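In TrEMBL this protein carries:
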type    : residues               : note
DOMAIN  : 1-101                  : domain 'FAD-binding FR-type'
BINDING : 52, 53, 54, 55, 76, 77 : FAD binding site
BINDING : 223, 228, 231, 247     : [2Fe-2S] cluster binding site
Ligand SMILES: Cc1cc2nc3c(=O)[nH]c(=O)nc-3n(C[C@H](O)[C@H](O)[C@H](O)COP(=O)(O)OP(=O)(O)OC[C@H]3O[C@@H](n4cnc5c(N)ncnc54)[C@H](O)[C@@H]3O)c2cc1C
C-alpha cells in the first residue's frame, strides 16, 4: 500500500547516517514485521525516478509511526536527507517477508555490519517482546560509525562492537566471538545483515553448530513488488539452484539456502 506519510524528523545521526521518523495516516498498513521494508519515493521531483528500499528500523503501531535508519549513499538517499519535518513522504509497503522467530527460541545472536543493524534492531525489539534474549556482534568501518547503541540498550541487547580501524572486525576474530556466544549463551538462532563476508562466515558457523539462521539480503531494486526482476539472487533448494526475487520472496531468507557468488 502506498501512503503519504508525514515526516516527523529526519536527522543526521553520524557522519554518514540519517534517522527518519514518519507518521502514517492510519493503522491500515499494520502489522509491520521486522525484516520487511518500505519502497520510498525520496523526492517529489521526477528524479530520482525509482523508489529506494529501506528496512523498517522501529515500528510503533499505537502511535502510527515508522522509523528508518539510512546511509547517505547516492542520488536517492541524498535527496531523502534533504526532506524536512511536516513534508509528506510517499512510502510503499510494508513489502517482502520478515524474520521468523521460533516459538521455542530463547537466545538469539544478531550479526550486523553497518546499516544492517537497522533491520536487526527491529528484530531485537520483537525478540524482547517475546522474552527472547538477544546478543549482538556489530561491525563497522570505524567507531564513529557505531549506530543505535541507545536503542540496542533499550531492546535489552548485549552487544559487542567491532571495527576495521582497530582490526577487531577481522572475520576470524568475529567467528571466535560468535562461537563463544553460541556456547556460553546457548544461542539457538542466528540472524545477519549488511555484509557478504560476515554472512558467508555466519553460514559456515550456523552449519557447523546446526543452528537455525536467517539473512536479510540487500540488492538494488527497481519496482520492489516483483515485476521487474531487478533484484534476483540465487537460492539452493533440494540440490537445485533457482533464482528468486529479493523484494518478493525475501528480503529475509534461510541463510543455508543463499548462494553467495
Ligand atoms: C530490502 C532492502 C532494505 C534496505 N534497507 C536499508 C536500510 O535500512 N538502510 C540503508 O541505508 N540502506 C538500505 N538498503 C540499501 C538502500 O536501498 C540503498 O543504499 C539505496 O537504494 C541507495 O540509493 P541511492 O540512490 O542513494 O544510491 P545510488 O547508488 O545512487 O542508487 C542505487 C541504485 O539505483 C540505481 N539507480 C540510481 N538512479 C537510477 C535511475 N535514475 N534509474 C535507474 N537506476 C538508478 C543505481 O544504479 C544503483 O544501482 C536496503 C536495500 C534493500 C534491497
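Cβ from N, Cα, C; glycine included.
Sequence features, as recorded in TrEMBL, placed on the structure.
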| residue | record | Cβ within 10 Å |
| --- | --- | --- |
| 52 | FAD binding site | 22 |
| 53 | FAD binding site | 23 |
| 54 | FAD binding site | 26 |
| 55 | FAD binding site | 28 |
| 76 | FAD binding site | 22 |
| 77 | FAD binding site | 19 |
| 223 | [2Fe-2S] cluster binding site | 17 |
| 228 | [2Fe-2S] cluster binding site | 14 |
| 231 | [2Fe-2S] cluster binding site | 23 |
| 247 | [2Fe-2S] cluster binding site | 27 |
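Taking a Cβ cut-off of under 6 Å from any atom of ligand 1, the binding-site residues 52, 54, 55, 77, 247 reduce to 52, 54, 55, 77. Remark: secondary structure over the domain 'FAD-binding FR-type' (1-101) totals 10 helix, 46 strand, 45 coil, with classes taken from DSSP.
Cα of residue 228 ([2Fe-2S] cluster binding site) to Cα of residue 54 (FAD binding site): a distance of 18 Å. Distance between Cα atoms for residue 223 ([2Fe-2S] cluster binding site) and residue 54 (FAD binding site): 13 Å, as a whole number.
Across the domain 'FAD-binding FR-type' (1-101), the model assigns an average pLDDT of 96. Put simply, the two farthest-apart Cα atoms among 52, 53, 54, 55, 76, 77, the recorded binders of FAD, are 15 Å from each other. One way to see the shell of the FAD site is to take the Cβ centroid of 52, 53, 54, 55, 76, 77; the remaining same-chain residues with a Cβ within 8 Å of it are 37, 39, 40, 42, 51, 68, 70, 80. The [2Fe-2S] cluster site, placed at the center of the C-beta atoms of 223, 228, 231, 247, has further neighbours from the same chain whose C-beta lies within 8 angstroms: 221, 222, 224, 225, 226, 227, 229, 230, 245, 246, 248. Annotated pair residue 231 ([2Fe-2S] cluster binding site) and residue 52 (FAD binding site), C-alpha to C-alpha distance, rounded: 12 Å. If you compare Cα positions, residue 247 ([2Fe-2S] cluster binding site) sits closest to 53 out of the binding-site residues 52, 53, 54, 55, 77.
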